[in-house]
Each structure stands twice: as C-alpha cells, then as structure tokens.
Amino acid sequence: MASTDKPGGDPEYRTSSTPAPAGVDYFKFDVILRFLLFAASLVAVVVIVTANQTEVIRVPQPVPWPAKFRYSPAFVYFVAALSVTGLYSIITTLASLLASNKPALKTKLLLYFILWDALILGIIASATGTAGGVAYLGLKGNRHVVGWNKICHVYDKFCRHVGASIAVALFGSVVTVLLIWLSAYSIHSRVPK
C-alpha cells in the first residue's frame with residue numbers, strides 16, 4: 001500500500017529556515033511621539049508652575065491673597081506626575097534611538113514600552129482628572145459646600161494657566177495612547193502569519 005504522505009512530513013510541523021518577518025519599522029514614529037510626549041509634559045508643567053496670581057480680596061480690610069499651584073495637593077500631584085512623565089519620555093526616546101540600530105532588541109523593547117506606557121498613561125490620566133476636578137470647582141464652585149466658592153472670576157490668569165496646562169496634559173495622554181497602539185501594532189506586524 002502506498003503512502004499518501006509527502007516525503008517532507010507534515011507541513012505544519014516542518015521547521016523553516018526562513019526567519020520570522022521583520023514587520024514594518026515604526027521606530028521613527030515612536031521617537032517623534034515620545035518627543036511630543038516630552039514636549040507636552042514640559043509645557044504643562046511650566047504653564048501650571050507659572051500660574052501665580054495675587055489679588056486684593058476685601059474682607060473687613062483689603063488683603064493681598066495669592067493663588068499658587070502649591071496651595072492645592074491636586075495641582076502638586078499634577079506637577080509631580082507630569083515631571084515623572086517628562087523624565088520617562090526622555091529615557092524612552094533615548095532607548096528608541098539606541099534600539100533603532102539594533103534590530104534584535106526592537107521586539108523585546110516594544111513589549112516593555114507597552115507595559116511602561118500603560119503605567120504612565122494611568123499616571124497622566126489620574127493626575128489630569130484630579131487637577132481637572134479641582135479646576136472645575138474653581139470655575140463653577142459648589143454651593144452645597146460652605147467655602148467652595150467660584151474663584152476664576154477673581155483669579156482669571158491663574159485659571160487660564162491651569163486650564164491650558166490640563167488641556168496640554170490631555171494631549172499628552174492621547175499621545176501616550178498612540179504610543180501604546182503603535183507598539184502593539186509593531187509587535188503584531190512581527191508575528192508570522
């Protein structure tokens with residue numbers, strides 16, 4: 001009886017001498033996005049740190065009353081989180097530049113980037129949400145709680161700085177989402193089909 005098997009064995013289990021596909025190289029876009037993340041972090045920190053304004057408030061006597069980011073723990077956390085994000089983006093930009101010359105490191109580095117980018121995204125999102133909540137209270141106040149009055153009609157420059165800083169941080173979080181997507185897609189394109 002003749003065998004119907006091919007001489008090479010089952011093609012599913014045959015080892016191939018061809019290397020796995022290299023995938024499309026998106027490291028140039030990765031470096032650009034990481035630089036944008038650094039720029040967004042830096043701008044957001046500089047804008048909120050320079051958000052100082054002093055106004056004369058009329059209580060029984062006119063008293064100068066300053067508004068600074070240091071007076072709110074939410075804004076301090078915002079500055080700390082975006083400073084960490086800026087440092088992280090510098091380190092990962094340099095790692096991307098170094099790995100672009102070494103193809104063997106790219107896939108492994110992409111996996112680490114996905115994990116760390118997701119962590120940084122959580123930090124940016126929590127800091128932006130916290131600062132946004134306090135900024136909203138400054139803009140609208142809360143008439144149900146004594147002492148939580150609107151302040152943005154008095155401290156207009158301070159509120160504009162805080163709002164601009166939060167908007168730039170939101171842009172940074174979108175950039176981080178794009179970095180995660182780009183790393184995941186790069187890994188997916190390297191998987192043999």
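Glycine is treated like the rest: Cβ placed from N, Cα and C.
Computed from a predicted structure; not experimentally measured.
Relative to the membrane, Phe29 and His144 are recorded by Swiss-Prot on opposite sides.
Listed by sequence, the residues of this chain that lie at least six past the ends of the transmembrane segment (31-51) yet keep a Cβ under 8 A from its Cβ atoms are 67-69, 75, 78-79, 82-83, 85-86, 89-90, 92-93, 96-97, 100, 131, 157-158, 161-162, 164-166, 168-169, 171-172, 175-176, 178-179, 182. Taken residue by residue with DSSP, Asn52 (N-linked glycosylation site) is part of neither helix nor strand, so it is coil. The Cβ of Asn52 (N-linked glycosylation site) has Pro66, Ala67, Lys68, Phe69, Phe158 as same-chain neighbours under 8 Å, each 6 or more residues away in sequence.
Long-range Cβ contacts of the topological domain 'Cytoplasmic' (95-108) within its own chain (Cβ-Cβ under 8 Å, at least 6 residues beyond either end) map to 22, 25, 27-28, 30-31, 34, 186-187, 190.
Within its own chain, the topological domain 'Extracellular' (52-73) has Cβ neighbours under 8 Å at 79, 134, 151, 154-158, 162, counting only residues six or more beyond its boundaries.
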